[in-house]
Amino acid sequence: MGRVTSPAPLDPAIAARLKRDDHGLVAAIVQQHDTGEVLMLGWMDDEALRRTLTEGRVTYWSRSRGEYWRKGDTSGNVQHVRSVALDCDGDALLVRVDQVGPACHTGTRTCFDGRDLEAVPYAGE
């Protein structure tokens, strides 16, 4: 019987650049790669980021369920990774994806559809 090995941890050079919250998480802003449309916000720890960078599909850490989830495994609404960038402070990721189907669990294209807040537009100086 073959020996089971654990996956390699997140690249230490990447891990050193992350500024995690008190729960060890980093915000992941998800954007449609070809249109720039902002789809959703999720959360990643080091392992979720490692999986995202190495498997070609986006993995998140569910704060409510306390477990990893890969977008689309149950819904079929898959997110194929196109690129991942870290912001200048190291506390947020920009994950550019090819979204298959709706991104939101409510069935809308984005998690922001129909949820606009009333705001006074900037009128200039």
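Cβ atoms here come from the backbone N, Cα and C positions, even for glycine.
Because TrEMBL annotations are produced automatically, they should be read as predictions rather than curated entries.
Secondary structure at Asp87 (Mg(2+) binding site), as computed by DSSP, is coil. Annotation comment: TrEMBL describes Asp87, Asp89, Asp91 as Mg(2+) binding site.
Sequence-distant neighbours of Cys88 (Zn(2+) binding site) (same chain, 6+ apart, CB under 8 A from its CB) do not exist here. The Zn(2+) binding site annotation in TrEMBL covers Cys88, Cys104, Cys111.
Per TrEMBL, domain 'Phosphoribosyl-AMP cyclohydrolase' is recorded for 40-112.
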| remark: The DSSP breakdown of the domain 'Phosphoribosyl-AMP cyclohydrolase' (40-112) into helix, strand and coil residues is 10 helix, 30 strand, 33 coil
| remark: Counting other C-beta atoms within 10 angstroms, the emptiest spot among the binding-site residues Asp87, Asp89, Asp91 is Asp89
